[in-house]
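Asks: Starting off with a structure, shown below.
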Amino acid sequence: MPDSKMDETKKKKKKTAECCGYPISIFFIVVNEFCERFSYYGMRAVLVLYFRYFLLWDDDLATSIYHAFVALCYLTPILGAIIADSWLGKFKTIIYLSIVYAVGQVVMAVSTIHDITDANRDGTPDNFTLHIALSMLGLVLIALGTGGIKPCVAAFGGDQFQEHQSRQLNTFFSVFYLCINAGSLLSTLITPVLRAQECGIHTQQQCYPLAFGVPAALMVVSLVVFIAGSGMYTKTAPEGNIMGSVCKCIWFALNNRFRHRSDIYPKREHWMDWAEEKYDKLLIAQIKMVLKVLFLYIPLPMFWTLFDQKGSRWTLQATTMTGDFGGFVLQPDQMQTVNPILILTLVPIMDRIIFPLIKKCGLNFSPLKRMTVGMLFAATAFIAAALVQMEIDKTLPNFPSSSESQLKVVNMHSESLIVTVPSQEPLLIGSFESSPDYITFDQQDIRLAFNTTPEINKDLSLIKGSRQTLIIPSEPAEMYLKEDIKSKPKEGKNAVRFVNGWTAYLNITNLESSLQPSETSNYTLVSQGMRKFTLTDGIQSCEFSRKFGFGSSYTFLIPSDLFSTDCESIKEIEDMQPNSVHMALQIPQYFLITTGEVMFSVTGLQFSYSQAPKNMKSVLQAGWLCTNAVGNIIVLIVAELGKLPKQWAEYVLFASLLVAVSIIFSIMAYFYTYIDPAEIEAEILKQQETDPDKKKKKETLEMEEKENEQEIKQTKI
Ligand SMILES: CC(C)C[C@H](N)C(=O)N1CCC[C@H]1C(=O)O
């Protein structure tokens, strides 16, 4: 940096207003981060539902696009960092990319208004292509904005502190993290409630425009707050195309090293020193600092690979558990809010109690040690998840393997039946009852014999890996097979179906179509709690209520005396027991992973800032965020491809991998020497000032570069 520029920055730094030892400008930055994270996580909370139920995509497409979007959000930081450090500076980059971000959120919210294309006013959009195009455009703009500003905001916050405020600087990163989590917690609680409202101009539908509109509004607030603090910020000017210079310098060093590979040339301390012939010592030293840290980051994505499974695997695990806490009921996906809640409590506890205590005990708990311990905590969290999984497995039904088939028999006939089944004792099935449990067969083709007059022999071809029910209606010869669900219902819901033993067709609330006599309905999913079904044949009707838990499956047998008993004679067959392991058992694993996150992620933010040269602060923040992006991608690829047959074994495998990675990281960390980049930079500048030769050489190089740039510009013209 030219000396005059550096003096300018120093002068500006002296002027910053303080409150309790903190620069006042920090207030605007943390509020901005709170609103931005509210906007981002709020929108994310309803995104899959929007894909699934508004755009009517199937589960696979909805989750793939969702994960691709999340990965993109963590890949764009590098772009934002380059723009900030090489071209616009952090302040302008944050403003411009926040505008892109806010526009993206607005476009996204507009794409969810069904009325804009609902010409026939039937409540569904008529032009899906327009809605898809708008939402994809919105998401790309959001990914550019959120990812682009992320490394800049953290680094810009750090820039506000002066040398004597190093303690406050560390606290800033903790407060910054608290704001991230306060924003995300509030929005993930609020936006699903907004979505559940009904709104619309012509027809009332689920209110996606509100659920996406509020995050869009918060992004605008975030931008306004950031601009409001404009007069108070310390703004460090970018130093030209720094990333260009970095790449050229590295390229030159590699080439020069290769040209001088013979033993006759004296060795140099570091391969980057081979750039000394052409490049400034300061730039070379800065590149060395960045490369050292980036090298250290190589093993870190593994932490995020485990962390990100909290949102997928652990939520799936919760769907096989019960969330009834007596006074209130927790839904499986709500369990994820435990993470930000714990962050809000653990960050102050760590900062105020645990870390000072460790220091008092005379232990040097350096940032890299904290990060290693953080990884070990995450590994332990996965061991806890494996133990919980083993408990759950004990309560899960015995689902058929891919080579087995399972069969249940339901008797709707007016008399008891004796069914002879291959390699089994004959089964006595009472009228209006079912066989006690599923019978498992290794073979697909079986023959059943029934003691009816005349006797019926039925050849069945079962589906491998499936559960099926043989329904014997009032007319046994018309028996038929119906396929059952073979895994726990999604999202902790309950799967219910009805067999119509009434003599006429029936309409049942929640069922897609009316049920003909002797017909069995498809499954319908109902949430936990008291659920009411109204049954009507067009003339008579009755109501049937039942309280459901989580993850059960029932077949309800409708008798021929349905209306005379006012629905009370409906009989239930439990095909799958409700979940019995309590979601509270997941709290230890959430506690462990969040403790790990505080040690790993908050420290990582601080470390990336403190070890970066002044002109590459955003770049190193982006490098840090990239570890998250890579972790996300690993979840997408490895976790999906490499599924182990037992879920608990997969958890143990991931925990072991992270332990191995943390050992490698601790060895790498052992050889890392902490630096004070400002001190090194000042020293080199001082050396250069006192060394007339070097000063001259540097000036000549600077002039050469300027001439080169001008030449390029002229050739372009
Ligand atoms: C997943 C939670 C809502 C947020 C999480 N605790 C967190 O703060 N982060 C996860 C990735 C980094 C960080 C963030 O910046 O959002």
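Just so it is clear, glycine is given a Cβ too, placed from its N, Cα and C backbone atoms.
Not my notes, these are from TrEMBL:
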type	residues	note
REGION	686-717	region 'Disordered'
TRANSMEM	20-41	transmembrane segment
TRANSMEM	61-82	transmembrane segment
TRANSMEM	94-116	transmembrane segment
TRANSMEM	128-149	transmembrane segment
TRANSMEM	169-190	transmembrane segment
TRANSMEM	210-233	transmembrane segment
TRANSMEM	289-307	transmembrane segment
TRANSMEM	370-390	transmembrane segment
TRANSMEM	619-639	transmembrane segment
TRANSMEM	651-672	transmembrane segment
Asks: Could you tell me whether the transmembrane segment (289-307) and the transmembrane segment (651-672) have 3+ CB pairs under 8 A, leaving out pairs under 6 positions apart?
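Replies: Contact confirmed: at least 3 Cβ pairs fall under 8 Å.
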Asks: When you check the transmembrane segment (289-307) against the transmembrane segment (370-390), do you get at least 3 Cβ pairs under 8 Å, counting only pairs 6 or more apart in sequence?
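Replies: In this chain the transmembrane segment (289-307) contacts the transmembrane segment (370-390) - 3 or more Cβ pairs sit under 8 Å.
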Asks: Between the transmembrane segment (128-149) and the transmembrane segment (61-82), are there at least three Cβ pairs closer than 8 Å, leaving out pairs fewer than 6 positions apart?
Replies: yes
Asks: Which residues of the same chain, at least 6 past either end of the transmembrane segment (61-82), have a Cβ under 8 Å from a Cβ in it?
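Replies: The answer is 40, 44, 47-48, 51-52, 93, 97, 139-140, 142-144, 146-152, 243, 618-619, 621-623, 625-626, 628-629, 632-633, 635-636.
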Asks: I need to check the long-range neighbours of the transmembrane segment (210-233): which residues 6 or more away from its ends have a CB within less than 8 Å of a CB in the stretch?
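Replies: Cβ under 8 Å, 6 or more out: 16-17, 23-25, 27-29, 31-36, 38-40, 42-43, 46, 50, 91, 94-95, 98-99, 101-102, 105-106, 108-109, 112, 145, 156, 160, 187, 190-192, 194-195, 197, 199.
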Asks: Count the CB pairs under 8 A between the transmembrane segment (20-41) and each of 94-116, 169-190, 619-639, then give me the winner.
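Replies: Looking at each of 94-116, 169-190, 619-639 in turn, the most contacts to the transmembrane segment (20-41) are made by 169-190.
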